[in-house]
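As annotated by Swiss-Prot, heme b b562 binding site applies to H83, H182. Look at Swiss-Prot and you will find H97, H196 tagged as heme b b566 binding site. The ubiquinone binding site annotation in Swiss-Prot covers H201. Among the features that Swiss-Prot reports, transmembrane segment is placed at 33-53, 77-98, 113-133, 178-198, 226-246, 288-308, 320-340, 347-367, with the record citing similarity to another entry.
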Amino acid sequence: MINLRKTHPLMKIINHSFIDLPAPSNISAWWNFGSLLGACLIIQILTGFFLAMHYTSDTLTAFSSVAHICRDVNYGWLIRNLHANGASMFFMCLFLHIGRGIYYGSYLYKETWNIGVILLLTVMATAFVGYVLPWGQMSFWGTTVITNLLSAIPYIGTTLAEWIWGGFAVDKATLTRFFAFHFILPFIIMALAMVHLLFLHETGSNNPTGINPDSDKIPFHPYYTIKDALGMTLLLLVLLLLALFSPDSLGDPDNFSPANPLNTPPHIKPEWYFLFAYAILRSIPNKLGGVLALLASILILLIMPLLHTANQRSMMFRPVSQTLFWILAADLITLTWVGGQPVEQPYIIIGQLASMLYFLLILILMPLAGMFENYMLKPKW
């Protein structure tokens, strides 16, 4: 009898994607984050589904419905904490996954990379609309500040902002539609993730050396299934430690107060995973300029393949590029820290310098480093 997994139309797809898939023999732990992101997405959809059963998207009852989930629903506190901290784990994995792609030159798989950038934007949109739902002070004011940025767009800005709000300010209509968006977007993310994998499987995985691995492939199962299982166990361990021991450490204390349009919190700031972009936005004194810089900070990833000047794909054997890469990582951590600080000196100047360095590194210094390394590798005799 021929093996069912190789003949059945549905099983065949699963088989070619997760079982008999030829994979490079040398991919490191940095290649675990793709599967971890898949795990995060499933955790978020499941916990979100159970939260949606008890949540009400109305300005009068949203805050108390979240309190009701935590107090009266069986394990509601756990479901909510897993969902809130699951978002942080999701972004942690996302940033490491993108960092891996930059370090090892995975962006040269252009279709996979571009779908990945679209995925990043979709996940950011989902997290943003989700943060509004508990209807706490930071939910309300964070949404007000960020959606207000649309009004910086010339001519159509104000109309656009009011269209998104469903009125003249963030209110009941905004909350209801954001709940609808927050419910539908994860399924769009799931579909995009499948397209992401489809494009990846057209070329096969990259590997740490950046050299074509076709001559030395191993089956995905059991080697990488067990490796992914280990990664998922560690992810779950960290998530449970967060959710059970310090569930509120990554949140904002202001969000324990119900939304009040008449009282502005002293420091309006988004969740930690948006702080780097928020710092770039704030570093430009002009509203429209800030919005453009904010967009550029993410969309710059799309031109990454065009900025690749090195003859080698990976940074594994390129010490100059490696140094710049880790400076970029440190710069992003600096931006994240600055984004959470009040708008005063010395944070303003640090934020402006870090923002300049971010664009300088990606657009000029890293391409120059690639050219320099090419020159250094040329025989000089």
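Each Cβ is built from the backbone N, Cα and C atoms, and glycine gets one as well.
Because the structure is a prediction, the values reported are computed rather than measured.
Between the transmembrane segment (33-53) and the transmembrane segment (288-308), fewer than three CB pairs separated by 6 or more residues in sequence fall under 8 Å, so the two stretches do not touch. In summary, the transmembrane segment (347-367) does not lie against the transmembrane segment (178-198): fewer than three C-beta pairs, each 6 or more positions apart in sequence, are under 8 Å. Here H201 (ubiquinone binding site) is positioned 17 angstrom away from H97 (heme b b566 binding site), judged by their C-alpha atoms. Reduced to three states, the DSSP call for H182 (heme b b562 binding site) is helix. Least packed by the Cβ count within 10 Å, out of the binding-site residues H83, H97, H201, is H201. Just so you know, the Cβ of H196 (heme b b566 binding site) picks up 21 other Cβ atoms within 10 Å once every protein chain is counted. Non-local neighbourhood of H182 (heme b b562 binding site): G48, T126, V129, G130, L133, each in the same chain, at least six residues away, with C-beta under 8 Å from its C-beta.
Counting Cβ pairs under 8 Å to the transmembrane segment (178-198), the stretch among 113-133, 288-308, 320-340 with the most such contacts is 113-133. Distance noted between the C-alpha atoms of the residue listed as 'ubiquinone binding site' and H83 (heme b b562 binding site) is 30 Å. The two recorded residues, H196 (heme b b566 binding site) and H83 (heme b b562 binding site), have Cα atoms 24 Å apart.
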